[in-house]
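> Before we start, here is the structure in question, set down as structure tokens.
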Amino acid sequence: MQLGVIGLGRMGQIVVDRTLEAGHDVVAFDLDAEAVATAADAGAEPADSIEDLTDRLGEDKRIWLMVPAGEAVDATLEELEPHLDGDDVVVDGGNSYFEDSVRRAESCPAAYLDCGTSGGPAGAELGFSLMVGGPEWAYAELEPVFDAVATGPDGHERMGPAGSGHYVKMIHNGVEYALMQAYGEGFELLHEGRYDLDLESVASVWNNGAVIRSWLLELCEEAFREEGSDLGTVADRVEGGSTGTWTVQEALEQEVPLPLIYTALAERFGSRADDGRFSRRLASRLRYGFGRHEVPRRE
Ligand SMILES: NC(=O)C1=CN([C@@H]2O[C@H](COP(=O)(O)OP(=O)(O)OC[C@H]3O[C@@H](n4cnc5c(N)ncnc54)[C@H](O)[C@@H]3O)[C@@H](O)[C@H]2O)C=CC1
Ligand SMILES: O=C(CO)[C@H](O)[C@H](O)COP(=O)(O)O
């Protein structure tokens, strides 16, 4: 099969490498010429524009988008669409908002597959877990590529109609936030608590047979090994947050309580206050107000 890949960053390059390794042909484009050169070094046919990419693809075009979610997807589709028809298939493998994917599936002249991708750049060796939404025929058509990019045939599944792939991935990320928060809280107590513990050893022993072993816990072990038990210079600030926000918004709309995921998201937002949390500063001042407790002051 011949696959066009647009977006050759951390994730897109892995899609290219794994597709080539499985014996398929790849035509690759990115706004960044260096990324295109890297894909060409790996064996892909380089394209210097989206039009050039579509010219290099055969009659029935199969195209994988791996650009940042949001405007980049719309901008790419706007350029692609004049070159597409109903026999073509476009896969969006990024973390797009599921309602955007439904809208794009309705307006795209090609069959549109929204594909939630989990595993991250660190999971490249094993392959990804792919959650796909969209028409059955298009999913079946892309199966050889999904087999290559995923861990294998068991690493991808059609979830349902348009939007369902990105919907499942959105909620996957909500779970990811909550699990990270849970590990974070446990290790914080171990770090602050009454024993002087080597947290890499704790994570390691937990990863060997404990109920809470997981890939995230293996990544905790790696973090303590590389940064030390006190996490060295790692700052108290967590970026990201879009997929978690969408998960919480959806939970509110569906009236499904998600206190853990919400708390994990709120902790991230809380971590971004440059000058300490206003609410905590006010609480401290109020303790003086009612109890004349001492107020710790900033320098
Ligand atoms: N990094 C991760 O752990 C994961 C990322 N994702 C999703 O995959 C998508 C890509 O993520 P990354 O590879 O990490 O991002 P990245 O920032 O490493 O790569 C994005 C690439 O897209 C290119 N690009 C941007 N706009 C473009 C356009 N209009 N046309 C052509 N190329 C364009 C950039 O030059 C860059 O090379 C995002 O939606 C992300 O949320 C999904 C799962 C895991
Ligand atoms: O999808 C992912 C992992 O599954 C990406 O790494 C994503 O960026 C994680 O979300 P956030 O950036 O909000 O932490």
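Using N, Cα and C of the backbone, Cβ positions are placed for all residues, glycine too.
Predicted automatically and left uncurated, TrEMBL annotations should be read as such.
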> Look at the substrate binding annotation in TrEMBL, where Asn95, Ser118, Gly119, Gly120, His172, Asn173, Tyr177 are given, and name the residue from Arg18, Arg268, Arg272, Arg277 listed for that site too.
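Of Arg18, Arg268, Arg272, Arg277, Arg268 joins Asn95, Ser118, Gly119, Gly120, His172, Asn173, Tyr177 in the substrate site that TrEMBL records.
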> Given the binding-site residues Met11, Val67, Ala69, which one's Cβ is surrounded by the fewest other Cβ atoms within 10 Å?
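Comparing Cβ neighbours within 10 Å for the binding-site residues Met11, Val67, Ala69, Ala69 has the fewest.
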> Find, among the recorded positions listed as Lys169, Arg268, the one whose Cβ has the highest number of other Cβ atoms within 10 Å in the structure shown.
Lys169
> What binding-site residues in the list Ser118, Tyr177, Arg268 lie within 10 angstroms of Lys169 (active site, proton acceptor), counting C-alpha atoms?
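Near Lys169 (active site, proton acceptor) by Cα: Ser118.
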> Considering every residue in the domain '6-phosphogluconate dehydrogenase C-terminal' (165-299), what is the mean pLDDT value?
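Here the predicted model's pLDDT, averaged over the domain '6-phosphogluconate dehydrogenase C-terminal' (165-299), is 95.
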> Calculate the distance in Å between the alpha carbons (Cα) of Arg268 (substrate binding site) and Gly9 (NAD(+) binding site), and round it to a whole number.
25
> Just going by other Cβ atoms within 10 Å, which of the binding-site residues Asn95, Ser118, Asn173 has the emptiest spot?
Ser118
